[in-house]
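Copied from TrEMBL, the annotated features are:
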type: COMPBIAS; residues: 1-18; note: compositional bias 'Polar residues'
type: DOMAIN; residues: 28-55; note: domain 'C2H2-type'
type: DOMAIN; residues: 52-80; note: domain 'C2H2-type'
type: DOMAIN; residues: 109-137; note: domain 'C2H2-type'
type: DOMAIN; residues: 166-193; note: domain 'C2H2-type'
type: DOMAIN; residues: 194-220; note: domain 'C2H2-type'
type: DOMAIN; residues: 221-248; note: domain 'C2H2-type'
type: DOMAIN; residues: 249-276; note: domain 'C2H2-type'
type: REGION; residues: 1-23; note: region 'Disordered'
Amino acid sequence: MSASQEETAISLQNNPGQRSKKKTLTRLECDHCRRKFLKKSNLAEHLKKHKHKCSDCPKTFRLRRYLASHIEKIHRRQVYDCSVCEYKSNNKGTLKNHYIRLHTTNYNFACDTCGKQFKIKKALNHHVKQNHSDAPPIVCDVCGHFSKNLHALKAHMKYRHYKPEFICRICRRGMTTQENLEQHLTWHETREKVLCPTCGKRFRGRDLDSHMRVHTGVKPFPCPVCGKTFRRQTAQEQHVLIHTGKRPYVCDICGQAFAQKPGLICHRKRHPGPLPPLPVVSIKNIVTEFTKEYTMKNTIIKIE
């Protein structure tokens, strides 16, 4: 990012009786807030505060989660319509990406490693990170399978270990245990009947806002580590748990621990005989504490 420069002359007075000397110092100006710095390193550090820019207004933010929170609070009531289809979004950037992905034919970004082409740069960056990263593989704690990244591990868990066998007769959503299905059916029976104006499904009033994010594309819950965003906070917490390295899901039969709930579910099916209900595990405190520590370690405290 370029920075405008301002020449400022500063007179430096030497010892009495000697002729004064002038030294010219170059001040570097931030293009976002016009703050000035003497050193390039200080300006570069300062520019990190403006890393994430809101696509709906001039505001910039140091962390992606601050930007997501800003969009949710300030711009969530603005709805932008796609000019081609019925897609709606309360974020101009999301709508632009939707339009480019679905309604254009130009692939302007190509991977330097494998040549695969993409319509938007964000998709290219994601592809490079997921497929050409030097990061070590991640091991599935159920079967030992090696996945090259978190995305691949999630796909492996979903299609190899996390197959829903119990289907809700009302919404056809799949559950992995009978207990989960019964809890889900109770939710159907007790919820307030509120109609979604977009798809016609009914929800409890407090859940309609969360459901509407499916239609708007808003994902206000970002991962503080990798920046991946989620529509539901529970999904975000489950994802962040992977970064903590902890295994809070412990089998109540043999004591084996797992990082994710699907791992425990699949493991318990290997034990013969009837199984007791799954133990209740609260991960919120683990995620909250990890997020707090991670944020503190990665926050630069500036002493003015």
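Cβ atoms are placed via backbone N, Cα and C, with glycine included.
Each residue in the domain 'C2H2-type' (52-80) gets a DSSP state, and the totals come to 12 helix, 5 strand, 12 coil. For the domain 'C2H2-type' (194-220), residue counts in helix, strand and coil come to 12 helix, 4 strand, 11 coil, using DSSP. For the domain 'C2H2-type' (249-276), same-chain residues at least 6 beyond its ends with a Cβ under 8 Å from one of its own Cβ atoms are 140-142, 157-158, 161-162, 176-177, 238, 241-242. Listed by sequence, the residues of this chain that lie at least six past the ends of the domain 'C2H2-type' (166-193) yet keep a Cβ under 8 A from its Cβ atoms are 201-205, 207, 262, 265, 277-278. According to DSSP, the secondary structure content of the domain 'C2H2-type' (249-276) in residues is 8 helix, 4 strand, 16 coil. Taken as a whole, the domain 'C2H2-type' (28-55) shows an average pLDDT of 73 in this prediction.
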